[in-house]
């Protein structure tokens, strides 16, 4: 294992896990998402290039990937800095920033935000989905990809000495591509060398998380230090969810605040409401999985920011936690989800 054993690595350097505080395990603070632009229907075509205004805000909320400006979160650093200060004032301590190669990771900006706000920021190493892989990435062997991941954690990312503290979010499509499979195998190998936390973005199919875990296990990953993201848009059947939970990864519900009629990336999915998410957390807790749950908002478009009438980074602390208590989830379980589980996950073995 690496010299980071027993520590958490932030963009400002290693810290003890007791310094984390309330932790959001899946956010973005500076990224671009043009890779996932969805052209709007012809009658609404002009809205794709329109600025985000009060009069079209509802449309943008329902069609977040069809407005080009909305996909450029990296333009809102000043607003995000102010939001992080509000997050800290609400009792927040740390944010895991899951932007990886392919969606404009900017570790220099993350360091600046950490210095300005006092929030611990943990950056992610690795690669997003195949659609963002460069020809160079696709041509790499598993061994070469492993070396990239290890170096981003031990040496620094993007030509800097600013180091990543997790591997992820590692992007997976459905069906999984050969390039993504190699990245998963490299992730497992790098994790076995480093003892580091891993975060996975599964494809949009309920079988995807199972396939990913199998590939990781076969390549030697530690599933107990792996988070499976986006379960709130991926597995809806309770029986299937329990089957997945038995595999031992952390179960991440990370779209709190996102409530929409149509999910643009998969029209077959009825995006759950926050009340639905809380019900699913309660179900998992009642089944004995309170030690494996983590939560977040996955803010990755402008409309989710307070500046644009969105829920912002403090939504879970300000609004979801009180509702969890109303719905019978104990403070002890809430503390596990927001404090203890992130500590265990983020600490290097």
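The chain as shown is numbered from 1 upward.
Keep in mind that glycine also has a Cβ here, set from the backbone N, Cα and C atoms.
Listed in Swiss-Prot:
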type: BINDING; residues: 26, 28, 169, 298; note: divalent metal cation 1 binding site
type: BINDING; residues: 169, 201, 230; note: divalent metal cation 2 binding site
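Shown are the binding-site residues 26, 28, 201, 230; of these, the residue with the fewest other Cβ atoms within 10 Å is 230. With every protein chain in view, the residue among the binding-site residues 169, 298 whose Cβ has the most Cβ partners within 10 Å turns out to be 169. Residues 169, 201, 230 make up the record's divalent metal cation 2 site, and a Cβ search at 8 Å around their centroid adds 26, 98, 168, 170, 171, 172, 199, 200, 202, 229, 254, 298 from the same chain. Between the alpha carbons (Cα) of residue 28 (divalent metal cation 1 binding site) and residue 230 (divalent metal cation 2 binding site) lies a span of roughly 14 Å. Straight-line distance linking the Cα atoms of residue 201 (divalent metal cation 2 binding site) and residue 169 (divalent metal cation 1 binding site), rounded to a whole number, equals 6 Å. The divalent metal cation 1 site is defined by 26, 28, 169, 298, and by the 8 Å test on Cβ atoms against their centroid, the other residues of the chain that qualify are 27, 96, 97, 98, 99, 199, 201, 229, 254, 296, 299, 300.
Residue 298 (divalent metal cation 1 binding site) and residue 230 (divalent metal cation 2 binding site) have their C-alpha atoms 9 Å apart, to the nearest angstrom.
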